[in-house]
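Enquirer: So that we are looking at the same thing, I have put the structure below in structure tokens.
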Amino acid sequence: MPKYKDINKVLVIGSGPIIIGQAAEFDYSGTQACKSLKEEGLQVVLVNNNPATIMTDTDIADIVYIENPTVCVVEKIIAKEKPDGILATLGGQTGLNLAVKLKEEGILDKYNVKLLGTSFESIKTAEDRKLFKRKMQEIGEPVAESVTVTNIEDALKFAKNYGYPLIIRPAYTLGGTGGGIAHNDEELISIVSLGLKKSMVGEVLVEKSLYGWKEIEFEVMRDADDNCITICSMENFDPVGVHTGDSIVVAPTQTLSDYEYQMLRSASIKIIKALKIEGGCNIQFALDPESHKYYVIEVNPRVSRSSALASKATGYPIAKVAAKIAIGLRLDEIKNPVTGKTTAFFEPALDYVVTKIPRWPFDKFYTTDRKIGTQMKATGEVMAIERSFEASLLKAVRSLEIKAYGLRLNNVKAMKTEEILKGISVPNDMRLFYIAEALRRDIDIDYINEVTKIDKWFLNKLLNIVNMEREIEKNELSEEILKKAKRMGFSDREIATIKGIEEEDVRALRKEYSIYPSYKMVDTCAAEFESVTQYIYSTYGEEDEVEIHEIPKVIVIGSGPIRIGQGIEFDYCSVKALWALRDAGIKSIIINNNPETVSTDFDTGDRLYFEPITLEDVLNIYEKEKPLGVMVMFGGQTAINLTEGLVKNGVKILGTSYESIDISEDREKFSKLLKELNINQPKGDYALTVEDAKDIALKLSFPLLVRPSYVIGGQSMEKVNTLQELIDYVKHATEISPGKPILIDKYIDGREVEIDAVSDGECVLIPGIMEHIERAGVHSGDSFSIYPARNLSEREINTIIEYTERISKALNVKGLINIQFAVKEGTVYVLEVNPRASRTVPIMSKATGVPMVKLAVEVALGKKLKELGYKSGLWPQTPYTVVKAPVFSMEKLTDAEVSLGPEMKSTGEIMGIDLSYEGALYKALEGAGLKIPKKGKILLSIAERDFQEVPSLVEKLQSLGYEIYATYRTGKYLSLMGIHVNVISLDNAIKLLKDGYFDAVINTPTKGKKPDNTGFKLRRTAVEYRIPLFTSMDTIKAALNAVAKVNVNGLSILSINEYEEIQKDNVKNLVL
């Protein structure tokens, strides 16, 4: 049956900012869906408030609204755009929950908008725990003993009957938000009370724990004619009890018998048919390792994290096919774009093993509980493809960028055996390495299996890796041993470390023995049909399937897994670079290993190498492809950190040279350059030892800002206030960047400003200047940023332009550059320079209409900006305002400090755009979860250093009609100032917070980072109970200003296309 005749315009709901549990996989699927609908001749309208994604570029959808996906806003867009249908199953939980609300509030019926794909009833059945259980029982599919509760009493009653442990799963949430495993009444009360608050409908499922059973997933697809296929089976390395997003996942399943596989495959098809899901769906099972007994854990009636993994694992474009099914096409009417011959009505076959490993943010949060369970904590993930599980696993490990090139880690090696055994007894981010070390120490596999419940098949594979390590260690590196090690997935660096030699020695020996990788294609059909797309992975000892053509081509190095400090902004830049190369008539090659992103879609570049981004892997591809050169400026710190090794091996870097990159990344060299250029910088010096640091501190006095070299996201950057804090810091920083200088600056309490520019070495174009709401000292990625800057004098603006031009020319920048400044009392200081794409490139490109990445690619290929129609200086500023707001995932990270500082903590960002500044800021606050009601109760607990700012703040709050509560010390100070507020103890404040008594909390930390401190507990409680929390006086002042001045009904709801037209007219008039 052809597509629906009455659907011509479709509204797609995006998933919003990157948060733990809802990351780039939804941008990938949403982008694919928009392209898929446009292929069918439909007009696509998109709503998504995430500026960092390629999805919100006007190249992807026809009309783009960067607005908050709320019922109120989306109703206005529906009224304005009059879509025929709405597609919500590709926007993660955000899209699904919004669709449910629009349907329940009668908005879809009011405007005659059809819910496309999976029906409202099917969504309700899959998402509502009670209805889902009933449906499974109807069709004879087993579900664990459980009860849906709306209060704590019913949960306790169930526990009394069935005993512990129990698993708690809130309804309509993602990433296991608010869930957990309870082992006693106290834990049950705590988890259930939180879960009820996190659930959109105030209900949670309490079920008997199946902890230790195998967790198996099936990705299934169904069309409206009831045609069904299973796309991929996946097996979690970790047993039930660890969220699948925090588990190592392998595809296809490795330890199931054919009977077990067919049993679960049949159940999957039965379930998707019973739920009448139209499109893709993910089904999770718990399988008893001792029998054929299984239970259905849950169904996601939408494209999910696992769908993105299954898509990349098989090459089957799930989101693309799901979008076409949503508009009425059947599976046998949709062409498989990978083979170009078969239809989408076939089940992919894999002749390789895929391994996904999560990337956790614990390098940013040292105080956080590193245990993993039912609530997801990973920010991103990597995927590897190889011919065996061992090789696939080792490839994935070295893709993580955690300084692991195999399963041997020095800090684990140094542990006592009892510490290792403790480490394997509880799921945590390091357990894989603890198990390998236990095997090295001859701990019995049966014992490890008993403790971890990880299948012995996997443990024996880990033992194979450990035995190979022993073989390498004991023998000469003969051709036979080196071949065997490479076939098993060992990196040159790991082999070198085991043998105590250099990586280049292993590389040279490998070449002497003619041991080179072979490259294979992912074709969805185990080579049964020829593939027309170029989706490639490496292996050893097999036939090479990849032909090399002598044509102009360029390699773009991607940014790897999503982590704090390096998010999808860099994937946006990589994708734009691939498109710019295509427009320039040059074949583009991307190297990346992130299954969630658009850059690793099979048709984004001309050729995709799904490989680790390490020196060895990149050099192998470079030597095979022989391109014009390599672009490192779009892959964040991942790509930048490879530059030195690439240049030493004769690789041509396109864009800014390695020498210039090194000057800007090395704190000592950079400081000298600024002195030569006569550019202001904070007073400071660089230290290599604790003694150096003490001497500098004596000269500069506290507070100081300290940071290592060659890191991203302000990793390990801190403001220190005492000598002891400084000494502790230096010891830690020398581990982060060994042998590299630590910069110690006098802290400047000024406004922070940043620019992104494009330079060709002579001409420097600055699209705009962004001003941060928070003072210097809060990481730029965690600051609210305003464009155009509002509080700079003409003289300060001219100085910023002049400094940017001087630095860009001195470094001979050919491409993008990002510079951060502090401005205090009319003096402009340069804080930092990054000669690469930064996380603000996507938002500045969207705000100003300047195609920054395209220009950077053209410049790197040798063009001049003047030839491209641009001149030096500041681009005309827009007549509208854009505000970037950070978005945090703190509620998922137990014991993480939530207050702002120099080290970045946000996982994503949203954008507020409006014709007025207050309107843009109000939208940004709302999108970031910091919306303050017009009236209500506000709690203040302020650090002494900020006391002088409190009286004016309280007067403002009282004038706006808020009822003020303060903790003892803050209240006492206000009383001395003659200001009366309600005073309560910190302990009582925390209790009232849990009861939902306060509408917002303003708390500036005294020390921070100590989970035992009451202030720390106060901040954590606010975050966990979703009460707006402000830890910076600057943010709350700006927020109150917006609340006081904004007329919510007067906010402009315009598409980015309309804003672009406003700016085009503005530029035209100014140029004339």
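Using N, Cα and C of the backbone, Cβ positions are placed for all residues, glycine too.
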Enquirer: For the ATP 2 site that Swiss-Prot assigns to R707, K746, I748, E752, G777, V778, H779, S780, Q820, which of E718, E794, E805, E832 is also named?
Expert: E832
Enquirer: Going by C-alpha positions, which of the binding-site residues (V242, R707, H779) is nearest E298 (Mn(2+) 1 binding site)?
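Expert: It is V242, whose Cα lies nearest.
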Enquirer: Between E215, E298, E832, which of the binding-site residues has the fewest other CB atoms within 10 angstroms in the structure shown?
Expert: E298
Enquirer: Sort R129 (ATP 1 binding site) into helix, strand or coil using the DSSP assignment.
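Expert: Reduced to three states, the DSSP call for R129 (ATP 1 binding site) is helix.
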Enquirer: What does the DSSP secondary structure composition of the region 'Oligomerization domain' (402-544) look like, as residue counts for helix, strand and coil?
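Expert: Tallying H, G and I as helix, E and B as strand, the rest coil: 77 helix, 13 strand, 53 coil.
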Enquirer: Taking only the residues in the region 'Oligomerization domain' (402-544), give me the average pLDDT of this model.
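Expert: Mean pLDDT, the region 'Oligomerization domain' (402-544): 94.
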Enquirer: State which of the following binding-site residues has the fewest other Cβ atoms within 10 Å around its Cβ: R129, K208, R707, H779.
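Expert: Among the binding-site residues R129, K208, R707, H779, the lowest count of other Cβ atoms within 10 Å belongs to K208.
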Enquirer: Which ones, of the binding-site residues K208, V242, N300, H779, Q820, have a Cα no more than 10 Å from the Cα of N834 (Mn(2+) 4 binding site)?
Expert: Q820
Enquirer: Return the residues near N300 (Mn(2+) 2 binding site) by Cβ distance under 8 Å, restricted to its own chain and a separation of at least 6 in sequence.
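Expert: Listed in sequence order: A126, C281, N282, S306.
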Enquirer: Just the number: how many Å between the Cα atoms of E215 (ATP 1 binding site) and H779 (ATP 2 binding site)?
Expert: 39
Enquirer: Which one is it, among the binding-site residues R129, K208, V242, Q284, E832, that lies nearest to Q820 (ATP 2 binding site) by Cα separation?
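Expert: Ranked by Cα distance from Q820 (ATP 2 binding site), first place goes to E832.
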